[in-house]
Amino acid sequence: MTYGTEPNPPHPFLPLSKGKQQNMASNTTTLPTYNPGDISWVLTSTAFVWLMIPGIGYFYSGLSRSKNALSLIIISVLSVAIVSVQVTFVPFSHLIPFDFTKSRCVIVLYALIDCDFRNTLNSCVQWFIWGYSLTFSETSSSPFIGDLTNAFFRGVNNSPSMGNPKIPGLAFAIFQSMFASLTPALAIGSAAERGRILPMTVFIFVWTTIVYDPIAYWSWNTNGWSKRLGGLDFAGGTPVHISSGAASLAYALILGQRTGDENDEFKPHNMSHVVLGTAFLWFGWFGFNGGSAEAGSISAAMACFVTNLSASVGGLAWMLMDYRLNHKFSAVGFCSGAIVGLVTITPAAGYVGPAPAIVFGVAGGIICNFACKLKLAFNYDDALDVFAVHGVGGLIGVLLTGVFADYRVVALDGPTTIAGGWINGHFIQILYQLADGCAGMSYSFVVTYIILFLMDKIPGLSLRVDIKTETNGIDASEMGESAYYHIDKLQGDPAVTEFTHTSS
């Protein structure tokens, strides 16, 4: 029974009368049968992927200068708040006695549930309001974008998910919200040390709606053009990595070079943060790729195995590439290579076996190492090499998936089948992958550039900080806090002294 069909729906927080309970029980429809093991794996993977988001923050923080360390951590975490949904709201979504056409009433209802959530509602809405529906609605006939059938999570709670009918849509939705939160956190890395925080938060909301949702729809939704064409993307090579890499390139071009004199070295300030962030990312990637199987299955086990193998090989390959130049074993090199290995294997994790995973790691580690030199050749300032690692690495992974995707690996789970890639004689698969990857990169770059260009013209949303703010650091100037307050104070940092006097 749905409350929305009753002339006088019961209040969601008051107990029903005995007669009402009996009437509802007699009209209860048969619930779908779900697999508790699959649900547990998907929810566990959700927690794994969530941990990747502060992992990005720590990784970016360690690579930046100390005066910008805190802002990069908090911006990454803010991405969850802006894109995702306050989970406390979700169980009440089936109680809304209104149609979507009266959605303003929904806002009022939630504002009245608990005043402590009002400020949260202002930002934690994208995935809840329309992001999930635009990406995974099953009623849209468009090959490019979904509709608003599941806006405000209507019809999501107890319906089977698109990927696996043995898990409810609610579990699938919260798992996918982590992907939507993670992607813009990756993209804003190129704006490090000179991008304003307020426009970044607005950008995350707008970008996720206009860029991430359509790309994820066409890659994963059964009605998307790439999915219909036959494109293979197990866990987000195009929606997550290629899209964020292309967006980071557009952000870097719009912002321009960082300012600094000839003695100002843009070097990592805290290698412990870099290693810690890499560890969080590596750990979380088991849920990122393994959870994308959407079941506790052999496919999930294989995805976890090849993920770990590709990361290991990628880290070694990058470190050896650096060693050939300076004869030093670089921690930054190993961490960067490990992340590249994780990126490249992402679209293929459920489609390939262990041997091809080595190729993914080696190819990613070598090619992306060279790709980091592109910013010198074309004179753009991608502060944290997001385009080289995620954009180029994601494209490598998508293309190699067309080569090494193996129907024998997919058949380990039984019913799911694919035609395979070149390794199975299905040569056209590489063209499907090329179309998907190039379309995702082109769309993300062009639309992101337009979004940022227009935002920069709006009063109050100028993207770049002024020279004084950049010199003092984003932490002190925009947050009034420092990651290393006591150290900066002992060293007599004027920016720290300034915000200390202001706060007092």
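Numbers run from 1 along the shown chain.
From the backbone N, Cα and C atoms, a Cβ is placed for every residue, glycine too.
TrEMBL: automatically predicted annotations, no manual curation.
Keep in mind the model is a prediction, meaning the values are calculated, not measured.
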TrEMBL annotation (transmembrane segment) - matching range among 99-117, 270-288: 270-288
Top Cβ-contact partner of the transmembrane segment (430-454) among 39-60, 167-188, 300-319, 384-405 (pairs under 8 Å): 384-405
Contact ranking winner - 39-60, 200-220, 331-349, 384-405 against the transmembrane segment (300-319), Cβ under 8 Å: 331-349
Segment-segment contact (the transmembrane segment (331-349); the transmembrane segment (200-220)) at 3 or more Cβ pairs under 8 Å: no
Same-chain residues at least 6 beyond the ends of the transmembrane segment (200-220) whose Cβ lies under 8 Å from its Cβ atoms: 75, 78-79, 82-83, 123, 126-127, 130-131, 134-136, 140, 143-146, 179-180, 183-184, 187-188, 191, 226-227, 231, 233, 236, 238-239, 243, 247, 436, 439-440, 443-444, 447-448, 451-452, 455, 461
